[in-house]
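Asker: Have a look at the structure that comes next, please.
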Amino acid sequence: MKEAISIKLLYISLAVLCIVSSETKIRSMAMKLFDAHCHLQDQRVVDKAPLLIHIANAAGVVYIAVDGITEKDWHLVKEMSDEFDSVIPNFGLHPWYVEGKSRSWFNTLKELLEANPSAAIGLDKSPLAKGVDFGEQVEVFKKQLQLAKDLKRPASVHCLDAFPELLQIMKEIGPFPAGVILHSFQGSPEVVPQLTKLGSYFSFSGHLMPLKEDKARKIVKAVPLDRILLETDAPDALPINPIFFVPGNATLNQPANVHSVLTYVASLLELSKEELADISYKNALGVFYFQGSKIPLK
């Protein structure tokens with residue numbers, strides 16, 4: 001009985017979602033979007049991932065980069081990529097989990113990437129990693145960044161309040177012709193030129209929206225147009241004005257809400273949504289296209 005009620009509620013949620021988002025879906029037919037970073041393997045949404053992927057695809061989100069963050073979820077990302085053409089797999093070790101890594105983590109990661117030529121490398125560097133030793137974070141980060149360069153794959157990086165360290169490491173190992181994606185970028189405008197020179201792209205998400213608008217505008221306008229990407233960081237970073245809601249939990253984010261990010265960033269840049277959609281989509285195709293990738297060469 002409870003299962004029947006849950007299914008009924010799910011259908012009701014989907015019906016409401018379709019009504020609310022119908023205008024967006026119609027307009028999105030002329031726009032192609034790329035969610036450059038999310039975590040659909042997250043336990044909060046993994047059981048709904050097929051549904052969320054279909055909703056995103058219907059809303060014009062052609063590709064979704066799904067980033068694995070620990071040895072325990074890499075297989076989920078691979079399975080998702082194997083099942084859905086639109087999912088671009090990323091494998092890496094998040095700093096919150098470096099202390100729980102196995103002795104063979106690096107060999108496992110390397111073998112996974114070599115066996116899955118479509119995969120990029122997702123990694124993270126943050127001083128707010130729940131008390132995890134920062135020195136160990138840096139050691140793990142360097143190994144993954146070097147691996148990305150050796151394999152000629154793009155690397156997705158989250159950096160929070162550690163840009164001096166990040167710049168130093170990137171200067172030591174770089175440059176990075178395959179690209180480094182600074183996901184949910186909220187760094188100062190001053191670091192953008194140096195990071196750009198080293199091969200960085202700057203991806204914006206709903207995390208940008210709580211900032212004061214003037215600060216957000218300065219950050220976004222500091223980035224060259226040919227280096228801008230858009231993402232959701234789902235199931236986190238729910239936009240302030242989301243268009244789509246995860247059935248059963250309206251506090252969670254999903255890839256289709258890259259539309260909300262598009263609208264906000266376009267307003268900061270004083271561009272039309274169509275202009276920014278075209279720019280960011282082409283940028284994402286460029287950085288996520290590499291030998292063996294799932295993205296066809298145009």
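Using N, Cα and C of the backbone, Cβ positions are placed for all residues, glycine too.
Nobody curates TrEMBL annotations by hand; they come from automatic prediction.
Just so it is clear, the model here is predicted, and its values are computed rather than measured.
TrEMBL lists these features:
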type	residues	note
BINDING	His37, His39, Asp233	divalent metal cation 1 binding site
BINDING	His158, His183	divalent metal cation 2 binding site
Asker: Same-chain residues six or more away whose CB lies under 8 A from the CB of His39 (divalent metal cation 1 binding site)?
Answerer: Val66, Asp67, Ile69, Asp233, Ala234, Pro235, Asp236
Asker: Report, as a single number, how many Cβ atoms besides its own are within 10 Å of the Cβ of Asp233 (divalent metal cation 1 binding site).
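Answerer: Asp233 (divalent metal cation 1 binding site): 25 neighbouring Cβ atoms within 10 Å.
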Asker: Within 10 Å of its Cβ, which one of these binding-site residues (His37, His158) has the largest number of other Cβ atoms?
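Answerer: The residue with the densest Cβ neighbourhood is His37.
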Asker: Would you count the other CB atoms within 10 A of the CB of His183 (divalent metal cation 2 binding site), including those on all shown protein chains?
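Answerer: Within a 10 Å radius of the Cβ of His183 (divalent metal cation 2 binding site) lie 26 other Cβ atoms.
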Asker: Expressed to the nearest Å, what is the distance separating His37 (divalent metal cation 1 binding site) and His158 (divalent metal cation 2 binding site) at their Cα atoms?
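Answerer: Given the Cα positions, His37 (divalent metal cation 1 binding site) is 10 Å from His158 (divalent metal cation 2 binding site).
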